[in-house]
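*Asks:* TrEMBL lists these features:
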| type | residues | note |
| --- | --- | --- |
| DOMAIN | 1-283 | domain 'Plant heme peroxidase family profile' |
| ACT_SITE | His21 | active site, proton acceptor |
| BINDING | Asp22, Val25, Gly27, Asp29, Ser31, Glu43 | Ca(2+) 1 binding site |
| DISULFID | Cys23-Cys28 | disulfide bond |
| DISULFID | Cys76-Cys279 | disulfide bond |
| BINDING | His148 | heme b binding site |
| BINDING | Thr149, Asp201, Thr204, Asp209 | Ca(2+) 2 binding site |
| DISULFID | Cys155-Cys187 | disulfide bond |
Amino acid sequence: MECAVLSDPRNAAKIVRLHFHDCFVQGCDGSVLLDDTITLQGEKSATPNVDSLKGFEIIDSIKNKVESDCPGVVSCADILAIAARDSTVLVGGPDWEMYLGRKDSKTASYELANSNLPVPSEGILPIITKFLYQGLSVTDMVALSGSHTIGVARCQNYRARIYGDYTVTADQSTASESYLNDLRASCPAAGGDDDTVAPMDNVTPNLFDNSYYQILLRGEGLLNSDQEMYSSFLGVQTKQLVLQYAHDPLAFFHQFAQSMVAMGNITNAVDGGEVRRSCRFVNT
């Protein structure tokens, strides 16, 4: 992970997001890593994942090294959980201890990937509901959203925001207007350039810190789902948490670590699991 992050700091965000998208579908079981086969439809082509979920080759590389030294022992799910933690540390974020011994799923769920994962266009209540369904709290939701401090978003996912209520929530400063004009210049309202990306934290995009929450205080969140946590009249609790984390980075780091442990403990209650030899395919 150190090599991957040194070559491109964005790799840290890719791995953290992979872990999140894994745990919200069948638990943290490596199901998101499975490729489609004749007998299995994976999760990679689900709407929240297609063309945006990346970092698979990094996990493949780690798995190959682990298998060469310690074959058949360390699951892809554990590798992904550890890599997400190490990615966070490597870009300045907190460290945490986690339990190990996860098993890799023999199945995946395209359907659950489409229904369980939050999407940028959603309002605050549906997103809270999806976290509660996983056994995670509103506090977990706001803290885990802080991982967007090192992520990017595709034009397709923030177009509606920058041509919609962005001007309503953001202050009318010259800097804010200039930032919005830059976003619109690379993400046209009429469509096209869907794969153009912009950092969700445009201040320190490669550093894990609390500036993401400070951006929300200014009303400049790139995604609707992020800004809703502070600006929605329904987000009484979430607004207070955004304020707290914007002003207290240590509180954010502490809660983020706790919430990552909680998320990493979501288990697959149905599939007995295995330790895959390849993260992309079940054992035969």
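Placement of Cβ uses the backbone N, Cα and C atoms for every residue, glycine included.
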*Asks:* Give me the CA-CA distance between Thr204 (Ca(2+) 2 binding site) and Gly27 (Ca(2+) 1 binding site), in Å, as a whole number.
*Replies:* 31
*Asks:* Please report the Cα separation of Asp209 (Ca(2+) 2 binding site) and Cys155 (disulfide bond) in Å, rounded to an integer.
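*Replies:* Counting only the Cα atoms, the answer is 24 Å.
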*Asks:* Within 10 Å of the Cβ of the residue listed as 'active site, proton acceptor', how many other Cβ atoms can be counted across all chains shown?
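*Replies:* If we count other Cβ atoms within 10 Å of the residue listed as 'active site, proton acceptor', we arrive at 22.
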*Asks:* Within 10 Å of Cys28 (disulfide bond), Cα to Cα, which of the recorded positions His21, Asp22, His148, Asp201 are there?
*Replies:* His21, Asp22
*Asks:* Fill in the CA-CA distance, Asp201 (Ca(2+) 2 binding site) to His148 (heme b binding site), as an integer in Å.
*Replies:* 7
*Asks:* Find the average pLDDT over the domain 'Plant heme peroxidase family profile' (1-283) in the predicted model and report it.
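*Replies:* That stretch averages a pLDDT of 95.
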*Asks:* Whole-number answer please: how many Å between the C-alpha atoms of Cys187 (disulfide bond) and His21 (active site, proton acceptor)?
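*Replies:* The Cα atom of Cys187 (disulfide bond) is 26 Å away from the Cα atom of His21 (active site, proton acceptor).
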*Asks:* So of all those recorded positions, His21, His148, Thr149, Cys155, which one's Cα sits nearest to Gly27 (Ca(2+) 1 binding site)?
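*Replies:* Ranked by Cα distance from Gly27 (Ca(2+) 1 binding site), first place goes to His21.
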*Asks:* Inside 8 A of the center formed by the CB atoms of Asp22, Val25, Gly27, Asp29, Ser31, Glu43, which other residues of the chain have their CB, for the recorded Ca(2+) 1 site?
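*Replies:* Near the Ca(2+) 1 site, the remaining chain residues are His21, Cys23, Phe24, Gln26, Cys28, Gly30, Val32, Ser105, Ala108, Ser109, Leu112, Asn268.
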*Asks:* So which other residues, same chain and not among Thr149, Asp201, Thr204, Asp209, have a Cβ within 8 Å of the centroid of the Cβ atoms at the Ca(2+) 2 site?
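*Replies:* Result: Ile150, Val203, Pro205, Leu207, Phe208, Asn210, Ser211, Tyr212.
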*Asks:* If we count other C-beta atoms within 10 Å, could you say which of the binding-site residues Asp29, Thr149, Thr204 has the fewest?
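*Replies:* Minimum Cβ neighbour count within 10 Å, taken over the binding-site residues Asp29, Thr149, Thr204, occurs at Thr204.
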*Asks:* Tell me, which binding-site residues from Val25, Asp29, His148 are within 10 Å of Cys76 (disulfide bond) if we use the C-alpha atoms?
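*Replies:* Within 10 Å Cα-Cα: Asp29.
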*Asks:* What's the CA-CA gap between Asp22 (Ca(2+) 1 binding site) and Cys279 (disulfide bond) in angstrom, rounded?
*Replies:* 12
*Asks:* Which ones are near Ser31 (Ca(2+) 1 binding site): of the recorded positions Cys23, His148, Cys155, Cys279, which have a Cα within 10 Å?
*Replies:* Cys23, Cys279
